[in-house]
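Peer 1: Okay, these came from TrEMBL:
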- 6-40: coiled coil (COILED)
- 64-105: coiled coil (COILED)
- 179-211: domain 'C4-type zinc ribbon' (DOMAIN)
């Protein structure tokens, strides 16, 4: 049971660590997206400046042309430049909206991640204390167990170890309402009498676990 509890605590710590790692990964991705968005925005802003310069140049050239065809050609170039500018402005607007969204979400995510890190550190310290106490207790119990097994019949000890492996670690089980506390099969009157009186080692006739008596009034 203690080993199951230890594994449960470790699994919980592992799950919490993975959650923080996901938050950290998400934060890094969003920070990377923000840098990329700002870089792309600067590029598009530069394109608009270039287009504006081109349009201004063509507007100035309109006053210097000497033929209607040259004037029409410049008008066409200006129209194409304005169309291109509109496309760039639409893209720039999308980038600005994305930048605003990321700029607003990143501080909240950063705060959540930092809070998670602090919680994880607190839990890590608690886990370290728990595991240290668990290890000390287990070592103490193992020492006591070794001392006790020195005085046990080797055959009985072998049976006990076999039961632990085959019965989910529960080799010794209390009786409950006249039944085995492990498999819950009703015990015979004679067997129950031996358990109550503590007459040697008594095994459940169904699951073979070692039985001991606990008053049903407790």
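Cβ from N, Cα, C; glycine included.
Please treat TrEMBL annotations as automatic predictions, because they have not gone through curation.
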Peer 1: Restricting attention to the coiled coil (6-40), give the mean pLDDT.
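Peer 2: 89, rounded to a whole number.
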Peer 1: Looking only at the domain 'C4-type zinc ribbon' (179-211), what are its DSSP counts of helix, strand and coil residues?
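Peer 2: The domain 'C4-type zinc ribbon' (179-211) comes out at 9 helix, 7 strand, 17 coil.
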